[in-house]
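Reading through the structure tokens given below for one structure.
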Amino acid sequence: MSRSRMNCLTNLRACSDFLADAGVFIFDGAGPLHGNALRTCRHHVNVPLHGHGSVPATARPGRADAMMVASSRPGRYWLPLAALVIFSAVSSIMSLGAPALAGVLTRGFHLTSAEVGFYFLVELGSVSLVSIPAIWLVPRIRLRRAMAGGVAIFIIFNLLSWCAPDYTLLLFTRAGAAAGEGFVMILTMTGISLLPRQEMSFGFWVAGQLILSAMVIVVFPVIADHSGACGVYAFVGLLMTLAIPCVFWLPDRTPAALHTGEHTGFSLSSGLRVLGVLCFYLGLSGVWTFLEKIGMDSGLSRGATDQFMATAALFGIAGGLCASAVGHYLSRRASSSAYPALLTGYGMIIVAVAALLGHIGWPRFFTASCLFKFGWTFVVPFVLARVAQHAAAIETMAIVNLTIGAGFAFGPAISGYLLQATGHDDALIMAGECLMLLSAFLVMHRSSEQGMASTRVSG
């Protein structure tokens with residue numbers, strides 16, 4: 001075998017930890033190997049790719065190529081994915097456990113609805129604001145080192161929250177813990193966006209968060225009854241401490257070095273999709289945070305409402321896993337579109353929110369809660385993958401975290417003030433419905449650039 005053929009074979013087998021989803025660039029130990037060089041190497045040597053036989057010289061590079069190379073080294077995909085899913089699940093507990101946490105804070109500190117909304121504004125606003133320095137920091141810090149720092153901040157401030165004696169000091173400690181949470185979430189979203197099979201990867205990312213949130217919705221009230229309202233923060237800090245060994249599953253490189261796709265920049269179309277993400281989380285968090293109150297205002301007991309919401313969380317897990325299955329199906333068929341999945345997910349959420357209007361009995365509340373949670377977790381992977389696929393992933397995912405944090409922060413605050421001003425739940429439900437419709441339009445719109453790209457591919 002000639003030296004050039006041996007070099008080509010070495011480059012093909014020395015793939016990066018994170019492979020290009022589009023197959024345009026494949027990263028080896030020395031740097032990015034362009035698609036033309038990849039085709040040249042395959043022309044010299046027919047390289048077997050994990051049970052698919054040799055690849056002919058006329059093979060067209062693309063999404064399937066990157067996936068076949070990734071499947072030849074499964075540990076390089078699954079271990080980083082597992083670490084990212086675990087860290088995102090633990091760090092998002094306070095956001096996804098908001099209904100149970102709102103009840104715990106109300107009873108533990110005797111807070112009003114407006115004060116509960118302000119608490120989430122402070123905590124989730126800090127999650128959002130940390131994205132501003134992260135836009136510059138994340139591409140330049142080694143992923144493993146950055147994750148270790150974010151995890152340490154998260155643990156320290158959760159333990160300080162455990163010791164907070166009153167509501168005012170609790171707000172200060174929660175701001176610090178939320179900063180660590182936001183930084184960890186940015187790193188997990190950036191890592192997921194650099195993995196192949198984005199829809200499937202984001203599906204596992206969502207499912208992991210929902211599995212843990214289903215537990216804490218039941219566990220938080222129990223912990224608060226035995227250890228006080230602040231005991232939940234010690235519990236969350238302990239969970240993150242147990243997750244520390246997963247740091248070593250992450251690659252010890254900067255996200256900028258791991259980024260192997262084409263840098264397309266942040267366009268107006270990308271900005272509209274990010275705005276759609278903001279509308280989505282404003283409506284989502286505004287309804288979800290006060291879902292327990294909506295059930296109790298309809299005559300349900302607190303125990304029955306918590307049980308219904310815990311069951312709905314199980315439907316949320318199923319939604320995330322179904323999204324992963326659909327994403328895997330789409331990734332194997334490059335010509336398939338994610339539009340039907342987006343329409344289905346948005347449709348379920350819109351129907352579920354509308355079903356909460358008026359005075360409802362337990363069957364309708366239970367059905368609406370389960371449909372709401374399933375639709376939420378089913379559509380989120382496709383929303384995030386759509387944003388990541390049409391912009392510069394490293395910078396964009398920090399901006400997306402900013403909008404998600406802003407949505408989670410201002411959604412409950414706006415809903416709390418709507419409840420206090422109007423005295424009934426229909427105002428916040430109608431606001432959530434309008435925001436979901438606007439989000440669907442912004443996320444699913446087709447830009448002129450995307451249309452021209454589709455024409456070039458089909459041609």
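Cβ atoms here come from the backbone N, Cα and C positions, even for glycine.
Automated prediction, rather than curation, is the source of TrEMBL annotations.
Feature annotations, reproduced from TrEMBL:
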TRANSMEM  77-98  transmembrane segment
TRANSMEM  118-139  transmembrane segment
TRANSMEM  146-164  transmembrane segment
TRANSMEM  176-195  transmembrane segment
TRANSMEM  202-224  transmembrane segment
TRANSMEM  230-250  transmembrane segment
TRANSMEM  271-291  transmembrane segment
TRANSMEM  311-330  transmembrane segment
TRANSMEM  342-360  transmembrane segment
TRANSMEM  366-387  transmembrane segment
TRANSMEM  399-421  transmembrane segment
TRANSMEM  427-444  transmembrane segment
Within-chain partners of the transmembrane segment (399-421) [C-beta distance under 8 Å, separation at least 6 from its ends]: 95, 98, 102, 112-114, 116-118, 120-132, 134-135, 182, 185-186, 189, 266, 274-275, 277-287, 289-290, 293, 384, 387, 427-428, 431-432
Long-range Cβ neighbours of the transmembrane segment (202-224) (under 8 Å; 6 or more residues past either end): 81, 84-86, 88-90, 92-93, 96-97, 99-101, 103-104, 107-108, 188-189, 192, 231-232, 235, 239, 306, 309-310, 313-314, 316-317, 319-327, 373, 377, 380-382, 384-385
Stretch of maximal Cβ-Cβ contact with the transmembrane segment (427-444) [cut-off: under 8 Å; candidates 77-98, 176-195, 271-291, 342-360]: 271-291
Region pair the transmembrane segment (366-387) / the transmembrane segment (311-330), three or more CB pairs under 8 Å: yes
For the transmembrane segment (118-139), sequence-distant contacts whose Cβ falls under 8 Å of one of its Cβ atoms, 6 or more beyond its ends: 94-95, 98, 102, 105, 111, 146, 167, 170-171, 174-179, 181-183, 185-187, 190, 254-256, 259, 285, 289, 394-395, 398-399, 401-406, 408-410, 412-413, 416
Residues from the same chain, set at least six apart from the ends of the transmembrane segment (271-291), whose C-beta lies under 8 A from its own: 95, 98-99, 102, 113, 116-117, 120, 124, 309, 349, 353, 356, 369, 372, 376, 383-384, 386-387, 390-391, 396, 399-400, 403-404, 406-408, 410-412, 414-416, 419, 425, 428-429, 431-436, 438-443, 445
